[in-house]
């Protein structure tokens, strides 16, 4: 078939268009060879005659069928050409919002200028592990392909991201690095992946700027090598940079900006730490105000600056270095604003002496102001003989200043890159790397200079490498399929590269011109004209002598030679550099050392690159002249570019081409002109051309057979070999054998052949459709005729019956009307009569009422008049009476006043008489007499005592009489004065006593009154409470009866809410268990590595008899034993050994907490010790300075204390008597009323305390009395001696601290008082009155001493609180540092870090509670043990007594009696010896195979273990219980670790662990677990131990086993899901295969190894179900297992559906619904439909229905919105965008319909997550499931080898 035969009527073609580049049209007439025009109809129905060049026969490009439009891979298009590529990209970008498209090996990425939710963690995990063709195009797919090839081929990879400014290169490279950081995270805790991502904001700040095309344009190229170890975890990274645009530092075009860092620093200039930078807003500086607008819409420079600082901190740049960096950047701004003034001669210039910017520049860089000012305006010329200093013109100075600024920034840029590389460098050996190249694309502007020349030169090199790689892949594909191939002619740009870099090329001539002292740009341009005028890639412009044109692979570019030499030289004057080298700041000086200038920035990076790279350049390296000279910029760039190409050639490249859709930065706006220009420049069309030159369309035999089986004949389908069928069909359909080739696994087609086959297939379908329509329409017409005939007969029959019924109805109605008229007339007459009668009655009633009301009003008026008269007469009578009474009162007052005056006069006379005074003094005399009597009584007592004393000491009789006489004489002399004084004192004391008693009575009365009121109030409240309770019960009953349905509904909702919260809490807990198990596994791996290292030669091995099970213990083996506190735990750890206790997590955390507490205590003790040392030093100094003062202070304090104790003793006596009386009275009242037991107990307690205090006071009084008597005797005898300094009294308060000065002052006051009163202590026997009186005077000083002691205690408390504040500050600083570090993390990492912090806090709290519980349990166990011991002793004693009695009773027996042992029944206990425990664990756990117990009772090991535990409980052996449980748990863990991929073994131990847990609950003795037990089972309960804590341990272990079981099951099912649910044809011949391109789906091969059908999934789940049922796993757990597996099937299938365009079709929806129905049928067959598994499949069910629903009208949109409730808005829109018809009979979903769906779903609050979390695990619940078996009915088989167990 010829190509021209495709141009038939209705064929669509592409014609050129000046506005849209290409325009679609349709042929209205068949084309024949030789026709000069084509008859076309445009899309707007315009008729056009398109001319054809008959000589070249160039017909318009054919348009692809609609079924191929929107393909993921451009190479899948049947017609491969520019308009087809452009249209496919446009449709995908605008209609489906897909920004990624494959073009062979290239990923085309269009910048959407909008944030899309397709880069989350869920999308990364969805692409992880997938082949590149399995999912929709994505940057993550390219990254995954590179990562997978690195691991599979062990070869370094590279991702080359290119495109022009604003196309999204930097973002694409950033997402690629994010993917590697997530998938290949670091194995250690260095977080190197975070550092790799943190380098992006730094490089964007110092290397990106706003341009007219992009707000964040990278103005440099970078190549980042991400290093991996042998396990393919990230270990480090390295960055190389290329060609920084230094000219942007000093100049920016209009509407452009300088580098971001300048504006960020200006935005943060107001911060206090940046005050010394002397910065203001960016508009004030010359270097940042060229472009005009200094802000970017939507960008906050201050916020970005904070991110930059955080990134620098994360990468380890110190704050001092950061400040130095900012100083250098600020100095550049100040340097640009320095004012330069030209002198009059014009050849010289100067700087004003007080220029602020120059001063700031010198201050910030630490250089001398005078030197910098001089050398900015002068230069040094060195000749062979002498050196000249020459002035410079204004332009020269400006150029020199700009060169210096550019050089400073470039050096700083290199320094930052170097330090980033240091931070990303790793000491580990790098196994391989993946490089990400983010480099500028091809650029062409109106004025192109040196930078554009270098950029385009780099793109020429990259394009050459790209072309060769594409050609190589095509060649490999043909050779792999064994297809004969010929060389394909492709564009080779080596001549253009030679023009630039060869000998005497453009760069070589440029370097030579730079060496000439007076070389100019014009001379260099003339040399280019002369040398390369004959080159096909070089042209001279017609209108210019300073420009030249280079014909690149993408386009012609005209370069202006002005500035080439200056930019290539990059000259900076040496004198200025020397000044900077002499800077006082080390960082500034280091930037300008000599080695920095001589070595390019990329060489160091190259040296640090992977040692595995061993490449050789394809071209010989260029020879460098031996003459020392500064390397030019062009030479350095060429060298670094060659190194880059060597690196790329040694790797497997992956290409990402970024396209900028429009220049206005509008979201989802497509400009065809700009897009075509970039497609031509980036090599995409070249890839298409190479593919089209060969065999671009490739089909597997199976796909071709499924797609085009309709073109095959019946006899051909009888053949079973699909390959031979395809060959015969193609040979019959396509006559030209050159149009296709048969490969080993694929069929290769030339361009256009697939379209031809599609046309034949469509014609075949059209013919079949016409035949079907003809037959169906004829059958429909016959059916319609029969239906009309039957309907006509039926209508006639019914109509005739209707007429007869209507006549009968008319007759009945006539008769009924007559009857109705008769009764109606009668009724109307009756109503008229009744109406007249009612009117008459009403008139009569109203008339009678009117007359009655008139009479009533008359009577009422008369009655009111009478009342008014009554009140008026009464008022007049009262007024007359009041007047008379007032007159009488006036007369009485006057008379009484007269009488009072007379009586007052008489009283005054009487008061002056003496008798009155006598009456007043009668009481005073009595009081004096009483006092005199008391004195006489005291004298009598004194005489009796004197007589007794004389009898005892007769030798002192004379002295006593003399003292009596003196005392009598003294009393007589002082009698008057003393009596008055004592009288006053006694009176004052009595008044005080009365006042105190009155206050006490008032308080008691108030207390009793309040107590009574409170009791009354309590009684009232209790009564009200009872009433409220009754009312509440009544209302509750009424509410329950009234709204039973509502309450049931609300309770259901509350139950659902509580259930949801419980599920979330359980999920969080089980996630913590999962994390703990992962940490435990990681620890075990590290411990194994350490063990292996220890076992190397030269080291001592561990003892061979040490049990390996002990090292696996991570449960409370220590904390649950008798060791309750931390110190005992430490001792236990030392005894057991570090290895055994290493994994005891609880004890480990306890020890950590105890260490922290001990550290805090140590600090506190250290502070206290220092304070005590200081206090002791002060005391020693004070003691040395005031020994004499201390003596007086001791005497004063003793006397003061004596007085205090004497007075307090008296008070205590009185209080004691009052309390005794009050207690007695209260006791009498309580006996009668029993109303206040609390007050009675309170009084008893007060009495007890008063007695104790009284005893203490008595002792102190005795001690003080002896001391006072000794002192008085020494004073009387004249032998008063100084007390000893070191003498210390024995009374308690002598140790209290009293200020020396206060004590001395108090003592002198006492002495003065003694001298005045002259031995007042001898007034009476006890001297109580005098002591009390003097005690009142000295109380203030005692209180002051006590106040000082309290102030000291207060100061100590303040110091202690300050120490606590310091510790809290330290903790707060740590938390702030942690918070700052958390802010630098990603949101996911922040959430994870927050969860870890919360876990640690909860763990500490749990440990505290656990310690308290353990202590209580420890005490309880001790008491129980003691009680048991005492009970056992009592039983033994009773038994001994009984035995003694029996011995006495049977003592007379003479014959020998033999006692036979009675055989006991088996009680369900198993006894074993301690040394057999390891054998028991090995036979029952470690070495046990599930197959050995196939015919026995399910969960037999669990029963055996419980019987062993029960015997240990019976013998009260807690160590045995603890050891057996710990060994069992560790043994189960060891088995699960060994068989971590064995589903049967994991299920076996899950069932046994759950059964063991149920046994511990069932026989624990708790009533809640014993409800279903039989009496026999209740006998098997544990008696001595409470294993609640171990039940929690076993529950956690069950959770871990369950999670491992789910992981194993998901690992077995996941490879089957996509193939079985989406790809396999469960309904044969339902789905058709669409053409695929280069990125063919790897799993689409139905006949391949990875193909699965739904029966495979069902077989696998049958296997799971059988294993779990046979091993006795609880049915509730089985339900939860399959619910989790069905959720995983749903999530994986739906996620693949959302990321695969080829799967979103009507046939896929049909297949999905069929597959889901089969799974539901399987659930019902296994009785698992109650598990909730079907509900987890609801999103997938709705997605399948969405694929099958109509998608046209608004009604369809409403139906979709109401149906798809389990799908989010994003998921619905995504499926509609991905929906693709498999044949031309289906229609695509329109954009307007999708917009309608979005508008209707706008009110939904759906999560922003697109994909389901396939790793989500529902929280598992282990319901209590008691066993019906009894322990004594279990038989132990011999295969277990447990003969050493004894039945008890």
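For all residues, glycine too, the Cβ spot is worked out from N, Cα and C.
Just so you know, TrEMBL annotations are computer predictions that nobody has curated.
Among the residue ranges 506-536, 537-567, 568-598, 599-629, the one that TrEMBL annotates as region 'Disordered' is 599-629. Looking at 793-844, 845-896, 897-948, the range annotated in TrEMBL as coiled coil turns out to be 897-948.
For the region 'Actin-binding' (641-663), the DSSP counts in helix, strand and coil order read 9 helix, 8 strand, 6 coil. Neighbouring residues of the recorded ATP site, listed in sequence order and excluding 163, 164, 165, 166, 167, 168, 169, 170, comprise 111, 214, 217, 218, 441, 658, 660 (Cβ within 8 Å of the Cβ centroid). Annotation for residue 163 (ATP binding site): same-chain Cβ neighbours under 8 Å, separated by at least 6 residues, are 109, 169, 441, 657, 658, 659, 660, 678, 682.
Note: residue 166 (ATP binding site) has non-local neighbours 111, 211, 213, 214, 217, 660, 663, 665, i.e. same-chain residues 6+ apart with C-beta under 8 A of its own C-beta. Annotation for residue 164 (ATP binding site): same-chain Cβ neighbours under 8 Å, separated by at least 6 residues, are 213, 440, 441, 442, 443, 658, 660, 678, 681. All chains included, 27 other C-beta atoms sit within 10 angstroms of the C-beta of residue 169 (ATP binding site). Note on the binding-site residues 167, 170: the fewest other CB atoms within 10 A surround the CB of 170.
Across the residues of the coiled coil (897-948), the predicted structure has a mean pLDDT of 75. Non-local neighbourhood of residue 165 (ATP binding site): 211, 213, 214, 217, 218, 440, 441, 443, 660, each in the same chain, at least six residues away, with C-beta under 8 Å from its C-beta. On its own chain, residue 168 (ATP binding site) has 109, 111, 658, 660 as residues at least 6 apart in sequence with a Cβ closer than 8 Å to its own Cβ.
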